[in-house]
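Feature annotation from TrEMBL assigns active site, proton donor to C:E152. Feature annotation from TrEMBL assigns active site, nucleophile to C:E308. Per TrEMBL, substrate binding site is recorded for C:R113, C:N151, C:W316. The annotation Zn(2+) binding site is assigned in TrEMBL to C:C117, C:C160, C:C162. According to TrEMBL, the domain 'Glycoside hydrolase family 42 N-terminal' annotation covers C:16-385. Among the features that TrEMBL reports, domain 'Beta-galactosidase trimerisation' is placed at C:396-596.
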Amino acid sequence: MPGYPALPEGIAYGGDYYPEQWPREVQEEDVRLMREAGVTLVSLGIFAWVLLEPAEGRYEFGWLDEIIDRLHAAGIAVDLGTPTATPPPWFSRKYPDSVPVTREGVRIGLGSRESACSSHPAFLAATSALVTRLADRYGDHPAVVMWHVHNEYGAPLGECYCAASVTAWRDWLRLAHESLDALNDAWGTPFWGQRYGDWDEIDAPRWSHTVVNPAQRLDYARFSNDAHLAHYRLQRDLLRGTRKPVTTNFAGTVNCKSMDLWRWAPELDVIANDHYLDGERRDNHIHLAMSADLSRSLAGGGPWMIMEHSTGAVSWQPRGIAKRPGEMRRNSLAHVARGSDAVMFFQWRASRFGAEKFHSAMVPHAGTDSQIWRDVVALGSDLRELAEVRGSRVAAEVAIVWDWESYWALELEWRPSGDLAFLDRISAFYETLWRTHVTTDFVHPSADISGYRVVVAPSSYLLTEASAKNLQRYVESGGNLVVSYFSGIVNEHDTVHPGAHPGVLRDLLGLSIEEFHPLREHETVTLSGGATARVWSERVRLTGARSVQTFTTGPDAGHPAATVNELGAGTAWYLATAPLDGLRDLLTPILDRAAVSRPHDLPDTLEYVQRGRHVFLINHADVAASVPGVTGTDVLARTPFNGEVPAGAVTVVRLS
Amino acid sequence: MPGYPALPEGIAYGGDYYPEQWPREVQEEDVRLMREAGVTLVSLGIFAWVLLEPAEGRYEFGWLDEIIDRLHAAGIAVDLGTPTATPPPWFSRKYPDSVPVTREGVRIGLGSRESACSSHPAFLAATSALVTRLADRYGDHPAVVMWHVHNEYGAPLGECYCAASVTAWRDWLRLAHESLDALNDAWGTPFWGQRYGDWDEIDAPRWSHTVVNPAQRLDYARFSNDAHLAHYRLQRDLLRGTRKPVTTNFAGTVNCKSMDLWRWAPELDVIANDHYLDGERRDNHIHLAMSADLSRSLAGGGPWMIMEHSTGAVSWQPRGIAKRPGEMRRNSLAHVARGSDAVMFFQWRASRFGAEKFHSAMVPHAGTDSQIWRDVVALGSDLRELAEVRGSRVAAEVAIVWDWESYWALELEWRPSGDLAFLDRISAFYETLWRTHVTTDFVHPSADISGYRVVVAPSSYLLTEASAKNLQRYVESGGNLVVSYFSGIVNEHDTVHPGAHPGVLRDLLGLSIEEFHPLREHETVTLSGGATARVWSERVRLTGARSVQTFTTGPDAGHPAATVNELGAGTAWYLATAPLDGLRDLLTPILDRAAVSRPHDLPDTLEYVQRGRHVFLINHADVAASVPGVTGTDVLARTPFNGEVPAGAVTVVRLS
Amino acid sequence: MPGYPALPEGIAYGGDYYPEQWPREVQEEDVRLMREAGVTLVSLGIFAWVLLEPAEGRYEFGWLDEIIDRLHAAGIAVDLGTPTATPPPWFSRKYPDSVPVTREGVRIGLGSRESACSSHPAFLAATSALVTRLADRYGDHPAVVMWHVHNEYGAPLGECYCAASVTAWRDWLRLAHESLDALNDAWGTPFWGQRYGDWDEIDAPRWSHTVVNPAQRLDYARFSNDAHLAHYRLQRDLLRGTRKPVTTNFAGTVNCKSMDLWRWAPELDVIANDHYLDGERRDNHIHLAMSADLSRSLAGGGPWMIMEHSTGAVSWQPRGIAKRPGEMRRNSLAHVARGSDAVMFFQWRASRFGAEKFHSAMVPHAGTDSQIWRDVVALGSDLRELAEVRGSRVAAEVAIVWDWESYWALELEWRPSGDLAFLDRISAFYETLWRTHVTTDFVHPSADISGYRVVVAPSSYLLTEASAKNLQRYVESGGNLVVSYFSGIVNEHDTVHPGAHPGVLRDLLGLSIEEFHPLREHETVTLSGGATARVWSERVRLTGARSVQTFTTGPDAGHPAATVNELGAGTAWYLATAPLDGLRDLLTPILDRAAVSRPHDLPDTLEYVQRGRHVFLINHADVAASVPGVTGTDVLARTPFNGEVPAGAVTVVRLS
């Protein structure tokens, strides 16, 4: 696997490890148990700043030396963290204005994490000083195989509104906009009389009693992303000299709205994702798959790492729902199926104190005489069997358009409906594809998408002219594009494209929208195909496309609800509402037309993913599933595959 | 129409126009399209401060000169705005303490509007300087027919808690109260030991961890109203010399709780109202009628202007619900029916940027090949036919008591029930009268009400002794008064009138209340007349009145629920609960007894209003309505009225 | 009754009296009416600071002298308040930094109450100065029979985050923790890298964007309690010299979460409780009983005083629900039944102004021609008949474990389920016992509990090792302990006890918990005994206990849900979920086994309490109740008890 050759063989296995929370005798037991479980990699030092630098410029590395050596002696590799997510109390005391401020003007309290602003000069200086020391001291240590910078940038600290941020923001604006005139144009400052005559007149878009300029907010989201990214790059560059791969763990590719991960991905040597199930949802494995597919997409289709997931309860949700029997195994192998070359947990051993003491772990409070521990050991064994999977790739014929800038813009205030929600539409299409056993990539709208048979753009509210042209070229060259409502509406500065909606997609889709007709709360409409839909209706006027389905009730009864436009060698489909059901019926003919390959006759609760020459079959149902047409070796059982996956089980078939 | 003789002939037609958002070629198209639609009046300059004064004391009027001249050349008049609702960024930077502060102590962010405190000396000075220039430059321009000061005072900025406000508030208190002793008496400072020994001890009633003195809060609401009013008057006085009418557009007569419009009305040369439908509600045309009737009442029964309404979606509601076919026409003509001599929209052309880009307009994003544009053109034509209506008055025989001070006081904390709500009771009675085809005025409780056959006081919690005497004189002289529960409880300082409730209404109503029995959440009671009621029950003791209906369930079963007291030549009715239904059954005998004239045998979805010698018939139903007994000319069709109003249509009959 | 010998004979009767709100003629009427009602004691001066000290160091005691003398002349005793809950406006102006600050950093507004921080030096000095004067002036007055310090410490001001608080907090920490190392250990600062190197690095646990160290928050709750307690003790010590009992009224023993009343009780000469019904709940009399039993328990089982309750509506609830016929009498006598030697109301006369003008009173707005007044007079008469009850004790054979520290800790963020709630579990067990006619004490887990037949620990999340040993000794010596889920989890610093849950209770209960399985929102499971349960399930592993019931559905189907462990001479029961019903079926065999005496064959709506040789029978139903087996004199009727309690009535039987 390119990018992190120093990693242990096979699928890396382990988790976050906090020896600093435990006495030496427990640390010794930890290493023994890690070996028992087959752990090959642990993340160290993530929050340990004050333990490494207990006073400004005074360092104590002894304890870390000791544990790294102990792990090394046991053959366990180290993913060494930089602890910048938790600046020490002495730092906050010395630089009180480094503590972040919310949009409402509240300076946050200490005793938590993410308590320094990424734009504060003193924080940047202190970061440099410490990371330089870490690189010097551990860069050559044979156990240290990779660097883990910071922790979950963007969660919980996305935007900061402190004075240092405002200064950095003005600098950012000067670079992002050619001139103040250009900024005024981009932000539409003639509206509500906001024209700026001096850069220093521009403040952060703080909370106000009514809506603040959305273009200003969109730029602030970009700036905030870039401020964190700059903090990451500062460290990455200091660590480069060690010639070991550098990463940072994403706070959930799907969940961390505040970071534009398309901008982060090229800066990482390996993509690392943290994923936690939404405990309340019974179908949360589909969300997991989406997060994994987005991780892989950020990794350019190659391997990546699930850096944190859980063996059971998550501490920060309303209820810490435990995993069902077999669920941890299904989850872990689903990540591997979708390209992860690692299975890492938060965390190795459950803490006895602090905010997350009720978060699950590989070693739970109940100790090793527990189902979780037995499952952890068994999983280690499974992963050894799967070593051959490492490095192989997942091929997808379908892609979904995902753009954080569109996500940010769509969910600002005063959109045509508060029910418009980025993830809602993405998820609806993703889930339908998942249940159809189609593996999906995610793509930025400006990316090269020529290789996909079908591209779906469910929520592309913000779409630049260039990206729209990219989509158009794709269709003209034979691609099949599916667009959903309220896409192609604004440019990169949240300015409505000229003319009727959907400005930059009119020609491509062969239609225009005369008027939006958002539905009332709980209101539904029906479609001629029989589906019920919610949230949205609109008056579609055909200018080349033909109607595939019409609305049969509601404000647009008798008018098109779904259309197709044949353009060049391809087709461009449009769906003007949010079906509660029936999305599969709409997509199937498109997949068929595009000859998207996928297995048939499988239950829609069976997850089917091919990675390299291995097919992963994950049965989320309570009954066994027949899988006709797949022949090969059941890798985990070391037997020929018998065509059936037991209830709740995972089977990995090496195709013959 | 007295007060604005300079206005164009007939019913003024147009909307807010922001040429500063568009290049010249679009501006030129705008003027052409305005003529096509029959536009006669546009509002200009409302948010353009920074464009007119890009730096302190540097003015740029050229662009405005140009557009005014262009409009003038096309015969379109201008309602010229003063742009004080959006002070420029340079102003906020130079005077950072002019930026408003919330009750919770948050100084609001910029990039929005209403970003200066009306009490701040620098803001007052800057306002004067600019408005003086505007008056000088445009006072004599023949196109400028009226002044539009500021925009929607009170929304979103009602109360400000900055230091300048506190200083102004102390000055206000010194005028409002004879002495500190008088203030202490008025505010009941012996309660919770709040006696003030010095004016400078008094702070604004900021948010606290429990309830702040309600009399202090009530005075702060008055002060805040007066602070905005002073800012208006400052401008009005500067504009007076131009001899052109001055107005400001109310942020919804019914909706803008923070401004006491009875105090504003005498200061305006013409009443101007902004009204937006509550998109989620199917019967929002009744709310529109209420807003229009309150506008007319503020105008003393004479003509007024609907200064802003919408052709479709509103940008700031949870969902921007579009209008149904014919709805814009029904809405516009309902305003005219109820006294408006104008039909003005926010806005002429949909913005491409800024917070309100998804707000509807006369020229939508879809352009002129759209139903909205066709409706706009047709409406212009209708209004030309209705020119003869201009200046005529609407006569009402019934009035509802409306007092903002009572509204404020009722909805402070710790009232006997959180379900008490000013608009809820007003609306219940108004809607019942609307469905009974009775046109209603609104009156202040101290007003001359002798001309009305019936006066309804549904929510007069705060009622001064003088106002109560006014109501009593009205009844004694033959009037018919209907009072609803929790009225007549406190005086102007939220002090309970002496003795049993309802202190100042006991004699008038011939009863007293022994104890309030507010109902639990969702709890209902029944009345002997069959109605179900909610929110309130109480123990009524008759001291002269007789019971009309009793409670049959609940804490007051067997005791009076509705009563009548014959007093002098009139009657005083009392209703001790909130019927969910059956209010019409209670009101009908009262209307009959008072001989209130109204049409009979009409569906309750047909809006019926007589203005001068014209009857407006607005059919809100999906079926045609027969209207027996109305004969005359169908003005819009230029035919004799055939006695039927088609589904969704509006017919205006000039009575013969 | 030991502790307050100066009190009037019999059951004290009266309420809070605010003569400062009324002119002299009303005051004179007040005294006349008090005598009519049989009032023997009133609380004076509670909020009167500014009236007693209108400017710093200038005192005006004349008005208070006068009213005390007038009351004395009428034979009415005075409970004299210190008015420190409402520092004067001049104080807040002079010491603006004495005004409390919230966790979010908002300095509260004035015009309310609790507007000074208990840790502020100027507030402590001003308190001393005033209280010294009060003690000097009134210490010897024969009418003044007790002191009433402050008002409801902890409501609404629990924790303050001002600078003075932070200084005091650091001092408190130095005393509470041996050293900074000890603090770091106690707080688990290795988690999220929070190790402190200097006391001055420690800030208050202000609001942050994610969870703040729970041990820090727990200590801040302790500090805040102690800061208020220190303010109380300062006053108490100044008043000691008067040789009259000193108290402060608790803001609801059950309701005031912020104060650890086990720490307050020893500092008071008499326990005084304020109790207000939750108006919306139909069974709020059970909550009343719980509050009264907790008051008695704080008083060590001896008499106490209900210092405030209401004759009807409460002002601060969402709806001011009035009392039903007879309810005020039932409430008052329930307090007496459970040990109160007083019946005191907030308030004597309904205010005409201020925040609480709609709160009920002994003299309502309607005056004396009202049911409330007649009930007040009748209650005075009842209490005279009950004089003989004074000083007698209530014996309880069952106790419930109640620990405010566990309450605080349990309800911090990020527990395994947001549905975990201290009062929910306590109430469930209490209510079941109430309906079984078992009188219950409350005990701290470290208290001597050897005298109880059954001890219930429904919600002992935080349980120290010492307390756990106390419980274990109790069982081994023959006691019967009932523990509910999520108990015995953490120590006094919110650190999980070592090993499997429930750390310090494993041996006592004979089981361990392998994994928590909190239920989803609205999810339920069933038990083998037939009950349905919610919130919680968990994997119980027996290590000595035996299963009494199993789960039949849910994540632990087939595993134990209720267990018993026989240990020494006693039994330890465990319940692993929250039954919606069926708790009585679970408790009955335990009560039987422990031979807990209670009446049988009574309806579960009849409240049955024995105090000394009197049995109080309170019928909360709408039908009469038969009470077999109780013979004696009906004290209120002065007749032999006929074995029946009429609907809604209270009968007090002196056992023969």
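Just so you know, glycine gets a Cβ as well, placed from its N, Cα and C.
Keep in mind that TrEMBL annotations are predicted by a computer and have not been checked by a curator.
The sparsest Cβ neighbourhood within 10 Å, among the listed binding-site residues (C:C117, C:C160, C:C162), is found at C:C162. A distance below 8 A between C-beta atoms marks C:R113, C:W316 as the binding-site residues from C:R113, C:C117, C:N151, C:C162, C:W316 lying next to chain B. A gap of 17 Å separates the Cα atoms of C:C160 (Zn(2+) binding site) and C:N151 (substrate binding site). Between the alpha carbons (Cα) of C:W316 (substrate binding site) and C:E308 (active site, nucleophile) lies a span of roughly 14 Å. Comparing Cα positions, C:N151 (substrate binding site) lies closest to C:E308 out of the recorded positions C:C117, C:C162, C:E308. Same-chain residues at least 6 positions away in sequence with a Cβ under 8 Å from that of C:E152 (active site, proton donor) are, in sequence order, C:A85, C:N249, C:F250, C:A251, C:C256, C:D274. Comparing CA positions across the binding-site residues C:R113, C:C117, C:C162, the one lying closest to C:E308 (active site, nucleophile) turns out to be C:R113. When pLDDT is averaged over the domain 'Beta-galactosidase trimerisation' (C:396-596), the result is 98.
Taken residue by residue with DSSP, C:W316 (substrate binding site) is part of neither helix nor strand, so it is coil. The Cβ centroid of C:C117, C:C160, C:C162 marks the Zn(2+) site; residues of that chain outside this set whose Cβ lies within 8 Å of it are C:S98, C:V99, C:P100, C:V101, C:A116, C:S118, C:S119, C:H120, C:Y161, C:A163, C:A164, C:S165, given in sequence order. Among the residues the record lists as binding substrate, namely C:R113, C:N151, C:W316, the two farthest apart have Cα atoms separated by 16 Å. Its Cβ taken as reference, C:W316 (substrate binding site) is surrounded by 15 other Cβ atoms within 10 Å in the chains shown. In the three-state DSSP classification, C:N151 (substrate binding site) falls within coil. Spacing of C:C162 (Zn(2+) binding site) relative to C:R113 (substrate binding site) is 17 Å (Cα to Cα, whole number). A sphere of 10 angstroms centred on the C-beta of C:R113 (substrate binding site) encloses 26 other C-beta atoms. Of all the recorded positions listed (C:N151, C:E308), C:E308 has the fewest other CB atoms within 10 A of its CB.
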